[in-house]
Amino acid sequence: MIIKAEKLTKKFGGLVAVDQVDFTLAAGEFKSIIGPNGAGKTTLFNLIAGAEPVDGGRILFQGDEITNLPQERIARMGVVKTCQTSQFFPSLSVMQNLSVAAQPPSSWRSLWRGKGLAQKTLRQAKAVLKQVGLESAADCPAEALSHGERRYLDLGLALAANPKVLLLDEPTAGMSPAETRQAARLIKHLAQEFSLSVILVEHDMGVVMEVSDRVLVMNEGRIFAEGAPQEIRRNPDVQRIYLGKGRAAC
Amino acid sequence: MEEKLENPYSLKIVWAILLVLAPMPLVLSTPLATEILIYAIFAMGFNLALGHTGILSFGHAAYFGLGCYVTGMALRYLELGVFPALLLGTLAAGLAALALAALAVKRQGVYFAMISLAFSQMLYFLALSPLKGLTGGEDGLKFIPKLAIEFPAPLDLSKPLSAYFFTLFFFALAIFAMRQVLNSPMGRLLPAIRENEARVKSLGFPSHALKIMSMAISGLFCGLAGGLLTVYLGYVPLSTLHWFTSGSIMMMTILGGMQSFSGPIVGVLVFLCLQDVTGNFTERWELFSGTLFMALILLFPQGVAGTIRQRVRRRMAPAIPEQQT
């Protein structure tokens with residue numbers, strides 16, 4: 001198990017956003033999390049990535065405890081998260097954005113630019129630029145990108161940071177169904193190419209069923225069901241909570 | 001084909017600035033030219049925090065003034081040579097900035113600015129009264145022995161032109177050092193912090209440590225500028241620690257353009273020349289500089305250097321998409 005969370009709990013005042021969740025992710029596994037709004041998907045992400053303090057339980061990454069480590073430490077170990085809204089460096093060019101992310105984490109201390117380091121950074125940034133298909137926009141300031149391109153840049157930043165585990169929180173938010181399908185396939189392809197483990201939050205059920213090895217359903221802070229895409233699709237309870245009672249037939 | 005990672009700041013710009021500024025005494029008075037160089041180092045240092053890292057500090061007079069006083073005290077009380085005294089002043093300012101940043105790094109924006117202002121006011125009032133015996137209080141630190149250096153060539157620093165070249169040497173050193181900092185792996189992360197600190201963290205870089213380092217390096221530059229002012233003036237005025245100094249340097253930097261390498265230097269040049277000209281026929285030059293400042297900001301919203309650069313680029317590359325979403 002590359003990630004193992006035990007009895008993970010997070011409270012916001014009286015609201016239990018994540019309630020004693022046990023969660024595992026195998027190395028190389030592509031797992032999707034689905035569930036209605038407010039089910040605790042984003043909070044679960046934030047806990048695993050260290051973006052928010054954990055109130056109870058613990059998280060192991062490759063057997064080492066990472067509970068409540070600073071976010072940058074966890075990211076440096078290889079657990080990198082993207083958010084629902086694109087997070088990038090607006091006035092820097094696309095290439096500069098990716099070069100920042102491609103810098104080896106320990107290089108922040110360095111006031112001297114070794115040649116090897118620069119080459120490595122450049123190669124990594126260029127490779128990612130190509131993978132996310134932003135070559136034609138390389139020299140544009142990132143703020144000039146369209147919404148869809150921004151989502152790809154966001155994904156590219158995460159990829160450039162050399163992750164082992166990618167936590168993607170609705171990477172296709174705001175995309176059309178066709179774009180969503182395309183983006184999800186790209187993610188799947190990249191995950192296989194770099195043997196990444198991926199946790200994906202996604203609303204398009206067709207896409208989820210297509211790309212995921214396993215699907216996890218969350219509701220009201222708990223894990224409601226987990227299984228292979230086919231099992232989840234057939235599970236009537238899932239249809240009920242996810243699609244709403246009246247619309248289960250659709 | 002080996003491609004190189006593009007440096008954000010080329011050597012050409014550094015040499016261009018040096019070539020333009022070096023012959024200043026031919027056009028301007030030598031003391032004014034010296035002051036321009038000193039404040040240019042100060043503004044470069046300040047802009048590392050504000051323009052490049054996005055740290056708003058209302059208290060950079062603290063590091064400038066500390067550089068002045070520590071250098072002055074080292075010269076007067078410890079009777080050190082000019083170079084060791086400058087080094088001491090520079091390091092003291094760097095350490096002070098490091099300490100303040102380490103304490104206040106978790107505060108953002110205006111809150112950080114207020115803490116830095118409070119710190120600089122604290123130093124100001126310390127120098128004014130409790131430490132009067134050492135600092136000379138309101139009169140400033142006087143009776144600094146006559147300054148001269150033997151190495152690399154004997155130079156009497158009380159002569160204006162000697163002081164100018166002495167300052168020019170350190171200015172050149174500072175500007176090359178600043179380029180090195182900004183092009184280094186650490187320096188490249190600083191604009192990313194300005195743009196989106198949370199993202200920098202989520203990519204695995206310790207943004208707080210980076211901000212502290214940025215402040216410390218900024219402090220070093222300000223301290224060096226302060227030390228050079230002491231050497232040039234031969235005494236330390238208390239006003240170097242005053243909040244007005246913090247405000248002036250911010251005005252000069254914004255006037256020139258925050259997000260460019262040459263911006264702060266251009267700002268200092270414009271500001272000090274204007275002050276010099278208006279000062280010739282009125283004592284209320286602040287009134288004029290204030291009005292001019294507003295006019296210039298309206299004309300050059302990105303600062304003088306920033307706006308010119310932007311216009312040149314736009315003319316050269318009209319194809320850059322301008323859409324905003």
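Backbone N, Cα and C atoms are what each Cβ position is placed from, and that goes for glycine too.
Feature annotation from TrEMBL assigns transmembrane segment to B:13-42 (among others). Sequence-distant neighbours of the transmembrane segment (B:13-42) (same chain, 6+ residues past either end, Cβ-Cβ under 8 Å): 60, 64, 160-161, 163-164, 167-168, 170-172, 174-176, 179, 221-222, 224-226, 228-229, 232, 249, 252, 261-262, 264-265, 268-269, 272-273, 276.
Remote same-chain partners of the transmembrane segment (B:54-75), defined as residues 6 or more beyond its termini with a Cβ less than 8 Å from a stretch Cβ, comprise 42, 45-46, 82, 84-86, 88-90, 92-94, 96-97, 100-101, 109-110, 112-121, 123-124, 127, 134-135, 141, 144-145, 147, 193-195, 197, 211, 214-215, 218-219, 222-227, 229-231, 235-236, 240-247, 249-250. Feature annotation from TrEMBL assigns transmembrane segment to B:54-75 (among others).
Outside the transmembrane segment (B:81-103), and at least 6 residues removed from its termini, the chain residues within Cβ reach (under 8 Å) are 55, 59, 62-64, 66-72, 74-75, 115-116, 119, 147-149, 151, 157, 170, 211-212, 214-220, 222-224, 226-228, 230-231. As annotated by TrEMBL, transmembrane segment applies to B:81-103 (among others).
Taken from TrEMBL, the feature transmembrane segment applies to B:110-127 (among others). Among residues of the same chain six or more beyond the transmembrane segment (B:110-127), those with a C-beta under 8 A of the stretch's C-beta atoms are 55-62, 65-66, 69, 100, 103-104, 135, 137, 238, 241-243, 246.
Here TrEMBL flags B:161-178 (among others) as transmembrane segment.
If you look up TrEMBL, you'll see B:209-235 (among others) marked as transmembrane segment. With a threshold of 8 Å between CB atoms, the same-chain residues lying at least 6 positions outside the transmembrane segment (B:209-235) that come near it are 31, 34-35, 37-39, 41-42, 44-46, 48-49, 52-53, 55, 57, 60, 63-72, 75, 82, 85-86, 89-98, 100-102, 105, 140-144, 146-147, 157-158, 163, 166-167, 170, 174, 177-178, 181, 186, 189-190, 193, 200.
Counting only same-chain residues 6+ beyond the ends of the transmembrane segment (B:287-308), those with a CB under 8 A from a CB of the stretch are 251, 253-260, 262-263, 265-267, 270-271, 274-275, 278. The transmembrane segment annotation in TrEMBL covers B:287-308 (among others).
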